[in-house]
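Each remark here refers to the structure printed beneath this line.
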Amino acid sequence: MLKNKTIVVGVSGGIAAFKTAALVSKLTQAGANIYVVMTEAATKFVTPLTFQALSRNPVYTDTFTEPDATKIAHIDIADQADLVLIAPASANTIAKLAAGIADNMLTTLVLATKAPVALAPAMNVNMYEHPSVQENMEKLRSYHYQLIEPGAGYLACGWVGKGRMAEPEQLLELVDTLLEEATDLRGKQVIVTAGPTREPLDPVRFFSNYSSGKMGYALAQEARRRGAHVTLITGPTALEAPVGVETVAVQTAEEMYNAVNKRYQQADIVIKAAAVADYQPVDVFAHKQKKNADEWSVALERTKDILRFLGEHKKEQILVGFAAESEQLHTYAKSKLERKNLDLIVANNITTEGAGFDVDTNVVTVFTRDGQETAYPQASKQEVAKQILNELEAYMKRREA
Ligand code: CTP
């Protein structure tokens with residue numbers, strides 16, 4: 001992904017600039033062409049020479065230094081950029097960008113570029129939480145700039161809280177995602193559901209399942225990497241939201257149904273990787289139930305089958321379902337594809353080692369509406385996400401032909 005891409009790394013004044021040195025080194029090693037642009041404050045933390053050595057390119061600190069008389073540096077670099085990443089982004093630089101101020105090389109370049117812009121804020125926790133900083137970041141989000149949430153922990157100023165710049169590895173992954181591939185998914189509206197749902201019984205108890213959400217999150221990330229606009233509707237998981245994806249957190253099957261349904265008309269593709277609970281308690285108690293009798297029977301009723309509903313109300317949308325089976329994979333998966341009016345179904349035998357819930361790998365067979373069937377060997381869920389989306393794109397091509 002990074003080979004021959006031009007990335008402008010903007011460095012503003014903050015101690016986290018030392019981490020940016022590691023990032024620039026990784027990006028250069030991955031084959032990207034890096035131009036580092038520093039604010040004056042940034043040069044107090046790390047010298048331009050450090051970045052010059054790591055990027056093997058000149059470092060820009062001053063708008064009016066023009067080493068090449070045939071070019072205007074800030075415009076030339078702004079035009080060449082495939083991506084602009086500002087790391088660390090100080091409160092001051094964020095404020096300037098929110099106000100459209102162009103008083104140094106970095107802010108001028110950001111105004112001039114047509115490339116996507118991402119910012120990794122880093123500052124003291126109280127500064128980060130200040131309403132003016134929050135408001136400025138909100139404004140930048142409205143320009144479709146990508147704000148990368150800082151981590152929480154020990155800050156160089158001595159405070160403990162939110163404000164640590166994202167780690168170089170995370171930023172590398174983000175850059176990779178943002179430099180998306182141009183495929184048939186580019187610009188498509190994709191909904192991915194992921195994780196389990198939780199069906200409450202009383203304020204402290206619920207019914208759920210072992211789904212980790214890993215498959216759905218990997219699909220959301222891969223679809224985003226291919227240029228789709230992705231909404232990830234997710235039940236409770238321990239996973240971090242993929243960068244560049246709109247994430248909607250839900251708890252119950254009912255909430256998932258509402259969240260999907262609200263967006264269904266605008267969607268081009270819906271991928272239902274979630275392990276939606278099939279039953280919910282008939283009675284949900286407002287208060288915690290005390291233990292009394294030795295046994296407790298709970299009456300359950302069916303939840304709404306979201307995918308079936310989507311299949312029944314389908315217009316041009318492409319529907320991808322999942323089938324977790326423990327026997328007769330072919331028969332059950334194919335009948336689910338028909339019954340729910342799907343375009344693709346991803347079936348896995350949950351009794352196979354390395355497949356199914358709460359593991360990092362999966363072993364899937366993909367069935368398509370036009371009768372194709374492909375069995376894939378065991379692979380990481382990231383790799384399986386690629387297999388599924390390749391199948392999906394091939395199916396879309398056949399459908400259009
Ligand atoms: N699904 C859904 N809404 C539900 C239940 C399931 O949208 N209330 C979706 C899942 O996201 C998945 C597919 O339907 O894509 C799974 O189909 P389902 O009929 O639930 O199959 P299983 O869970 O495997 O259960 P069974 O074999 O008992 O039908």
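Every residue number used here counts from 1 along the chain in the order it is shown.
Each Cβ is built from the backbone N, Cα and C atoms, and glycine gets one as well.
The annotation CTP binding site is assigned in TrEMBL to ASP278, LYS288, PHE322, LYS336, LYS340. Its own atom aside, the Cβ of LYS340 (CTP binding site) has 21 Cβ atoms within 10 angstroms in the protein chains shown.
Summarising model confidence by region, the domain 'Flavoprotein' (5-175) averages a pLDDT of 94. According to TrEMBL, the domain 'Flavoprotein' annotation covers 5-175.
Under the heading domain 'DNA/pantothenate metabolism flavoprotein C-terminal', TrEMBL lists 185-394.
Residues or ranges marked as region 'Phosphopantothenoylcysteine decarboxylase' by TrEMBL: 1-189.
As annotated by TrEMBL, region 'Phosphopantothenate--cysteine ligase' applies to 190-401.
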Coarse DSSP state, helix versus strand versus coil, of PHE322 (CTP binding site): strand
